[in-house]
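Worksheet for the structure shown next.
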Amino acid sequence: MKFFATIAALVVGAVAAPVAEAEAEASSPMLIERAGPGGINYVQNYNGNLGQFTYNENAGTYSMYWNNGVNGDFVVGLGWSTGAARSITYSSNYQASGGSYLSVYGWINSPQAEYYIVESYGSYNPCGAGQSGVTQLGTVCSDGATYTVYTDTRTNQPSITGTSTFKQYWSVRQTKRTSGTVTTGNHFAYWAKYGFGNSYNFQVMPVEAFSGTGSASVTVS
């Protein structure tokens, strides 16, 4: 998981910076034997021990509580071993302070890229004003709202294949929400104008946090 450097600098109490090893992240999730609703077949559990992570893959539900603060970065949730331009329906009770996201998250194999469709977040807008090295690409109107689109290049950073240079693509919902449907294809089509490919690696609907406290109970299909 990568965060813009200016956000990392703002996070009080973070160890080094809230940058997780993406390669370890990719190896941490596990395939599940029986698919849940919507074909869910993937459990994302990166540093779930930083809080209390529980899940029921057959029901498409998970919960995470991090009420003692976060000393590091975690990414936990449910999704698919192979991404697609799918519509993802979710509902949640998501409450977070500090640095946290509720998003659709995944990777593209070639050209390698990491992506977020951020539905809600805690105190820090991941692409807020003043972020260095970030290029705004306009807006996408999708699912009844406007998302601001950004890109960023990560140079010699941890990725799903080790250390590499890759792009990040972000769509951040201008009005936060905690339930609804995300039509990922609308974002992918817009990002494709700027080099986003369609060689999908995993795709999940996780909660992520690298500071503060919070809780999330999420249903995904």
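Using N, Cα and C of the backbone, Cβ positions are placed for all residues, glycine too.
Look at Glu114 (active site, nucleophile): DSSP puts it in a strand. According to Swiss-Prot, the active site, nucleophile annotation covers Glu114, on the basis of sequence analysis.
The annotation active site, proton donor is assigned in Swiss-Prot to Glu208. There are 31 other CB atoms within 10 A of the CB of Glu208 (active site, proton donor), with all protein chains counted. DSSP assigns Glu208 (active site, proton donor) to a strand segment in the three-state reduction.
Among the features that Swiss-Prot reports, domain 'GH11' is placed at 29-221, with the record citing sequence analysis.
Annotation comment: Swiss-Prot describes 1-16 as signal peptide.
Cα spacing between Glu208 (active site, proton donor) and Glu114 (active site, nucleophile): 15 Å, rounded to the nearest whole number. Mean pLDDT, taken over the domain 'GH11' (29-221), works out to 93 on the 0 to 100 scale.
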